[in-house]
């Protein structure tokens, strides 16, 4: 059986190579579905070997620091969508649409050319929207619309022309389709800078998709549209299944060790909501475990959550572990500035400021004896834990309590600095309802929150 499979593997690889050297619009001889499934599985083996081989240069690009690809559309979708919805889209819907757009027209029939023209216009329109400013995208759409009108008015003439040149130009057409299919996938790198020298790396970054486009094209031409779709769907199912299986894994994104400090940033494939989130900020170190990147940036900015606006939804589901240790005398503010600067460089975002009116809550002590009953001896380390049971604050100042409430409820709290820095307390609050939290603060801890309007300095975080 193994000998038979090996022989079939060599024969199929030879057939694919012969086809790719001289692509022709010639289907294979009719055979049983069982035979076609066997060929599909053999091509899938070839596909997997080539995909893993082509991932090597991509990993080398990241290792050399030429391009890190810190934001990828597929990973963001995996983090933001339910698993069933992600698999439905990634394994069935998207492969079917891509096969329709890119490979349905690889077999010549009169109706194919019209469908291919419309599909190409849609694909180019989407690409223009992702690559160009709005004005450029609109201009591209207008030109594509004019091209479609021209095609509709001259469809018969164009079809007859294609019938004459189809055999001669088929090889060029086949490879242009495979190339277009691969290049389209560069939009998955949502932080890609098309104005920099990084564009020279595009052939490396999309090489797996270009090669996959060739294999899918072979399957479509030789065995039919749906067999190409089956191969595409199984290909995606295997890779997405592997990604989902490793969602709990950590990937080191940054490691710096010098005479001043040590900083390590690890990125989680998936934010683990049920897991305990840990945060520590001190004069000697800064630590975040299982925190979303947006929440880490919020804490490092030393601003209330209501005074920070994230300009794009990019990285809203990215979760990290971060450990910073200073080797020199420093204060908390300096430590936060160093960490923030490194995160800005790693995840490519800027911070700007502007004034804005907004609702705020004044923090005051309504019952000092009630608050004092929850005071604790300072043990030098404060912790804030977020879990399903609520917000647990241990050995925290009122300033750290205020920060925890702002982070969880996205509200602005205002109080005097001397109040925020006085005392250490153990406080536990519910995390689901702000009104309930406000009520418990007053009844259990003697802390009063009162609403008012203020002119605030808003920080805008803009991911590039």
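Placement of Cβ uses the backbone N, Cα and C atoms for every residue, glycine included.
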Annotated range (TrEMBL: transmembrane segment) out of 9-30, 229-250: 229-250
Which listed span TrEMBL calls transmembrane segment, if the choices are 138-157, 258-277: 138-157
Cβ contacts the transmembrane segment (194-217)/the transmembrane segment (39-61), at least three under 8 Å, sequence gap 6 or more: yes
The transmembrane segment (138-157) in contact with the transmembrane segment (169-188), cutoff 8 A, at least 3 CB pairs, sep 6+: no
Same-chain residues at least 6 beyond the ends of the transmembrane segment (114-132) whose Cβ lies under 8 Å from its Cβ atoms: 100-102, 104-105, 140-141, 144-145, 147-148, 151, 155, 180, 184, 187, 194
Same-chain residues at least 6 beyond the ends of the transmembrane segment (229-250) whose Cβ lies under 8 Å from its Cβ atoms: 40, 43-44, 47-48, 51, 74-75, 78, 83, 86-87, 90-92, 94-96, 98-99, 212, 215-216, 219, 266-270, 272, 321
